[in-house]
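Here the structure is laid out as structure tokens; the discussion comes afterwards.
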Amino acid sequence: MQLIVYLLPVLVTAVVAAQSLGDLSYIVRFPDISSELLQKRELNYHTQFFEKLAADGIDYLPRFNYSSPALHGASVIFRASNDSQTGQSKAQAELANLVYLRSLEGIVAQAWPTAKISHTKKDTITSDIDVNPKAGTLDNTKKKLSKRDSTARTCPRDVSTPLPWSAIHKTTNVDKLHKRGIKGAGVVIAVIDSGLDTLHPVFANKIVGGWDFVGDNPTPGSLNPGPDLTDKDGHGTHAAGIAVGSSNRYTGVAPDAKLLGYRTYYKIDSFVSEDILLAAMERAYSDGADIISFSIGSAQGFAGNPIGIAAENLIKKGIIFVAAAGNDGRNGPYNPLNGGGASNSLAVGTVESEYLATWPITAVADGSDQTRSLTYISTNGAYFGLNGTQNADYSPTNACEIDAPAGNSSLIVIPRGSCTDVEQFGRLNDLGYKYALLVNGPNHAFLHSFNVTYTKTLKAGGFIDTAHSGWLASQAHAGNTLAIQFNNNSSPISVRSVFAGAGYPNVVTSWGPTYENYFYPSVVAPGGDVLAPSPGGVYLTVSGTSFATPYVAGVAALYLSSKGISRSAGRPSTGAAFDFSKRLIGTARILDFYDGKAAVSGVKAPLIQQGAGLIDAARMIDQDIHIQSDPLLSLNDTRYRQATQKITIKNTGNKLLSYTVRHVPGTAVTVANASGIISQFPPPYFKNKGAFVTFLPAVWVLAPGHSTNIYAYFSFPSTAPEGIVYSGKLEVTASNGDVVGVPYMAVQQDTNTLISPFPSLPVLLKGDPATFQYAPIPDDGTAVFNFAQYDAPRYSAYSNFGSRFVSVDLVTADFDLDAAVAANAITTLPSRPGYLGPAGIYDSNSGSITFPQAPLPRMPKKYLEFPIVGLAENFAQLEPGHYRVLTRALRPFGAPNKTRDWVLYLSPAFEVVYK
């Protein structure tokens, strides 16, 4: 298939170079110019920019040039030699370089340091559930971010009736669209991720292009780009398969859509450079994408970041941009990502699937005299990889107690015991078995057990439901031999999940609102315990917002296909992204709350966890009434309250309809306590507490093709304490039965004064070498640190909220902070007497950290903590003497030129010696 590029041509030029630890990378945006000028190249800001750098003597290296509707700009590396010429520290050089770039008026409109987004495998390739088969309970001792506390349902749903794997699409009504032939034909989805297994059967005749931006074994400054999309991690293959995959075993959301794949990182625990992601977004636009699925992001979710700007620009061109909301739900509210936090992008949270994937097998007893059809669920959702009839050992002794092989087979069928699954599979591994099927008893949940890893002998393990335990035991008791028939062409079969959180918003979903109090996330979709293609032609169960995101991207393809919108077919629509998001949000349905242990009866999940709710693909396409205004109402906080909201509703059908509107209050949430400390999961909540809302009009009639405005006037309890987020929906019902909901969110607090990035004063700690304990240094200046004995002050601050600027600096003991405050000179502190420079710090997990950090998000471990080893300038040692540590952090909505908007802390004095 030949790709046709519409609208503007795109120039993305990659320059590969070795980048030393001292090199600093930046992204710049050039002034806006018209499409005509950009197309004609009548203004070449790229040339002007680099010529200016050369003229000013900057030792630089161009990295990417951007010339598209996404971003008109460049990324550039400033070599370390610039720093050595001026004698600046890395932190000082970064700040000075930004000041220089931002001073290039007429050439540079905005400049940012290039963010290095750290990828940790918070999305899992197995279930979100820690299973401990002791008495049918679940082990909650492993507190990983991708996991969650959970219990099996006390009244399990029927799992005996198998369904095709596509049953997962019943929860979103995608299955109804498939039956009508709406499968995404003519639409192109771009997946920006870790690449693709291009040989996987689910992608046959689907991949129409893509690019590898990093190559194998990349270093921060040495990339090896090329056309090879090979996925060395699996994340991209999972995501793409969910969106468009199709085979005789698997049906994705939009099986007739085409696919573009972009490899932006080598493995998921590596760093992803922000400028590479921008280049991939541009390349996706150039290659004709209608939709971008973006399951990557960092917690620096302030508006105005480069990814957010590029996403918003593409959305204005009609490109639907779908981004993962993030997997930090256990950190509580205020955890937006940069992609999902972009204006008008769709930030997608995840819902735990109501269906689990199992694989069919046939048990044959004593030859072929007696057979029984059943299914097994593997520990990670994968098929065992066996084919044909396999002789099996059967042991009446459970897997916790077996101490010798039950026969000579490589496969064993054995009762599941009461010890941990790790112990049971480990014991079977030690006995030499390659495959193991544990048969559940009445107290065991038919769920994954993803803490099991396979080494040495054992290759795969799984579980058989308790409904078959009696038959298997009776065959063994009768002395019959057992064999299992596998078919490697069999399709997965869905069974109803007995997990207590199935069908509810998944606790891993990062909560809103954004740092600027905008609505977050937008919607939720299936992403917990969903089956997905994996490299090597296999399938695994995966969980996380990364996999709910391509699900929504697939739904977007169904929508565009149903409307005949496609760039590759010459039918683009600049309003497609806005129209889709309004329809999707307006027709989503609110789900109940699961608090990590049980479903909470009668309590709706807060909208800052689930957005508008679970998507409904059929309603989204079929309804005759739709929102034409902003589909998510962010009323902000008490200082910036937007209490009057205008909602525009359109009748897109062919009949005269009457309408009514009502207020549906949601669940109010305490996002911060009286001290301004952000709540942890699950935050305190209040059932059916919302705003007081009046409407004008409340009832009206609308002719086909016409629109009308509704004005909603909000007020809130005057006695409500600060720190509460109210939310709910304004629900419009038409006489034909159509219902559209407009979610709202209001923060009942003055965010600037209530919430601080550091609500308690940072402290300097001194370690006791005898006890290995740390204690705060005294206020009287008597603390002494012997740097010759690796004795350094340890900085500790409770990280409560994101800040647009944070710096930790070293100053002399006589530094006069009061004088700086009186002079309103916080932004010019480096020029004041006694200021020495940013602290040189080291973190065992992240390596060196450079200050200032602008912005600095909330820390996932709650504390910003590290030893101060000297000045940041080449980690220069401090001379013997007396010092203090100065902390500066800008408050929410703070103005840098206003002293009252800064959190300032000057530590007690301490002495540095070398003995």
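Each residue's number is its place along the chain shown, starting with 1.
Each residue, glycine too, has its Cβ placed from N, Cα and C.
Reduced to three states, the DSSP call for Asp193 (active site, charge relay system) is strand. Taken from TrEMBL, the feature active site, charge relay system covers Asp193 (among others).
Annotation comment: TrEMBL describes His235 (among others) as active site, charge relay system. DSSP assigns His235 (active site, charge relay system) to a helix. Around the Cβ of His235 (active site, charge relay system), a 10 Å sphere holds 29 further Cβ atoms from the protein chains shown.
Annotation comment: TrEMBL describes Ser546 (among others) as active site, charge relay system. Secondary structure at Ser546 (active site, charge relay system), taken from DSSP and collapsed to helix, strand or coil, is helix.
What TrEMBL lists as domain 'Peptidase S8/S53' is 184-562.
According to TrEMBL, the feature domain 'C5a peptidase/Subtilisin-like protease SBT2-like Fn3-like' maps to 634-745. Across the domain 'C5a peptidase/Subtilisin-like protease SBT2-like Fn3-like' (634-745), DSSP helix (H, G, I), strand (E, B) and coil residues number 0 helix, 61 strand, 51 coil.
Positions annotated as region 'Disordered' by TrEMBL: 136-158.
The signal peptide annotation in TrEMBL covers 1-18.
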If I take the alpha carbons of Ser546 (active site, charge relay system) and His235 (active site, charge relay system), what is the distance between them in whole Å? 8
Between Asp193 (active site, charge relay system) and His235 (active site, charge relay system), how many Å separate their Cα atoms? 7
Counting across all protein chains, other CB atoms within 10 angstroms of the CB of Ser546 (active site, charge relay system) number 30
To what whole number does the mean pLDDT across the domain 'Peptidase S8/S53' (184-562) round? 91
Around the Cβ of Asp193 (active site, charge relay system), other Cβ atoms within 10 Å, all chains included, total 29
